[in-house]
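Pulled from TrEMBL:
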type	residues	note
BINDING	Cys129, Cys132, Cys146, Cys149	Zn(2+) binding site
COMPBIAS	532-549	compositional bias 'Low complexity'
DOMAIN	559-659	domain 'TRNA-binding'
REGION	532-551	region 'Disordered'
MOTIF	14-24	motif ''HIGH' region'
MOTIF	300-304	motif ''KMSKS' region'
Amino acid sequence: MSNPKTFYITTPIYYPSDKLHIGHAYTTVAGDAMARYKRLRGYDVWYLTGTDEHGQKIERKAKEKDKTPQQFVDDIVVGIKELWAKLEISNDDFIRTTEERHKTVVEKIFQQLLKQDDIYKGEYEGWYCTPCESFFLERQLSDGNCPDCGRPVELVKEESYFFRMSKYADRLLQHYEENPDFIQPESRKNEMINNFIKPGLEDLAVSRTTFDWGIKVPGDPKHVIYVWIDALSNYITALGYGTEGKDDKFDRFWPADVHLVGKEIVRFHTIYWPIMLMALGLPLPKKVFAHGWLLTKEGKMSKSKGTVIDPVVLIDRFGLDALRYYLLREVPFGADGAFTPENFVERINFDLANDLGNLLNRTIAMIDKYFGGAVPAYAGTVTPFDAALEQLAAETVSSVENAMEKMEFSVALSALWQFVSRTNKYIDETQPWALAKDEANKNALASVMHHLAESLRFISIMLQPFLTHAPREMWRQLGIEQGELTAWDSMGAFGRLRGGTRVAKGDPIFPRLDMEAETAFIASSMSGGTKAETQAAPAAASAEAAPAPEGKEEIGIDDFAKVELRVAQVISAEPVPKADKLLKLQLDLGYEKRQVVSGIAKFYKPEELAGRKVICVTNLKPVKLRGELSQGMILAASQGDQLTLATVPDEMPNGAIVK
């Protein structure tokens, strides 16, 4: 039996000078999604993350806290590991540059490069940015400040060891030409060539003498090996490079399949790192993927501006899956994107609660109602709509696979949600509540139920790289054991869900949120809300009380008795032309059909409503709204800019009186 294909993916190692925020989570969740996907496809995966713990900034921060640098980073790293655990990051290793396994190999690398004359001692004078740990030439500054972070720089003159970068410039350009996918997105490659290589690569200072916190140059201890050789080497030291005979991971996994990095450190990973590897005689990574920044409305996240987002606060309030979905769906990977509280809550409500959650709830309820909780066996394509749903299921698997190979996470999720929406529409098209009224339609009804359950099985499998809890809960409600039917390859054919599988009703996997309350909560947490505020119970489970009404005249029971309320089932819904707020609903009252025009278009998509049992005021005088006859009113609860329909259980018959 042949060995499985390998896949080695890394995040940048994070600088533990402070608590990490949602931008760091973004990179690491993206890497985790890719690692999970490759494992599902049968790859032997190694996912590496870690921390870059040396440097002047750490030394200064530790002194401010009256700690040693090691104590300082140890404390920060505990929090980072706790965050990764809370995000359920499936990393296989966590490398720290203060570990002996890293330090000893970095010393060997420095000695080898020095012996080869790729490194020499000289004197450096240039502009230095402490937060970025970067040197710049005068021409590279932006209005006299750091071109990366915009902060002030200081003129530094000191003895230093230098790496002969210019020696490898032509080889690097040749590598770019021969490997067009080496730097992604393409725009980053053009930036590297035009801004750094073509103007002439300067030799790179690779040691410092102005601070002590770092790995000492062997034989010259007043020099500390600088970040480029120290930090970048983590990708190979973590695999055991330089300790041949002790570990086979380097031979198995190098070269890396992809380094994930933020766009601000592309230069280091696509110029300095490849040249170092060339000098060491090692293969270059196959790809460096530079994603954009996760911004806020005000720009880059800033504590002083109150725009830092703590991922732990969002997880505790809304659940891990909601955060992971938002990070991977909202922003095309590679581009900058903006986090807003409004968009975050909308994604949960519309995509997760309305689209996916309702599809699962309705399907389980109908299988329970019409077939006693047992999924009917697959019988091929029975209704006129079955074949199209099966075809889209297969196409969606292919679309998700293609997008994931290109690390287009938002594209993959968009394709998957098109299938979710199409499956909801399938309910509208087949109208199982109508099929259930005639025994002659029993086979068609059975086919609809199987197609819905099987579609949800497909959806749950494709969700696995992105969400960690929802797929398991979907399997539980669908009566599926994790194993053969949850494997990626099980989607090779439609209809593998066994007849007789018992479904189990459950709570909504994504409760709908109060938009006003939750956006206010997130905004408060960004601006440093109190601990009590940020640890409040989720609004989904315990919504804020509505304000007391003012000035409403009391009525007697006789007045209330004049209102006739009945259970009605939505047959279909469609927009009213030229009326953004209105939907035209066809209702089944059991004894007759009616049309009602309702102002709920802002809150519900037409395809979400079919099959729902609502409460209708049936003795209102008919009126025309925008030219459409409305023969009643459906009830809903509202607060602020939120609205939720009043619904009743599916087992309540159409036309039942509500008292």
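Heads up, the Cβ atoms here are built off N, Cα and C, so glycines get one too.
In sequence order, Thr130, Pro131, Ser134, Asn145, Pro147, Asp148, Gly150, Arg151, Val153 are the residues of the same chain, not among Cys129, Cys132, Cys146, Cys149, whose CB sits within 8 A of the CB centroid for the Zn(2+) site. In the three-state DSSP scheme, Cys129 (Zn(2+) binding site) is classed as strand.
Fewest Cβ neighbours within 10 Å among the binding-site residues Cys129, Cys132, Cys149: that distinction goes to Cys149. Classification of Cys149 (Zn(2+) binding site) by DSSP places it in coil, neither helical nor stranded. Across the motif ''HIGH' region' (14-24), the model assigns an average pLDDT of 88. Within the same chain, the residues at least 6 positions away from Cys146 (Zn(2+) binding site) whose Cβ sits under 8 Å from its Cβ are Cys129, Pro131, Cys132, Ser134, Phe136, Pro152, Val153, listed in sequence order. Applying DSSP to the motif ''HIGH' region' (14-24) sorts its residues as follows: 3 helix, 1 strand, 7 coil.
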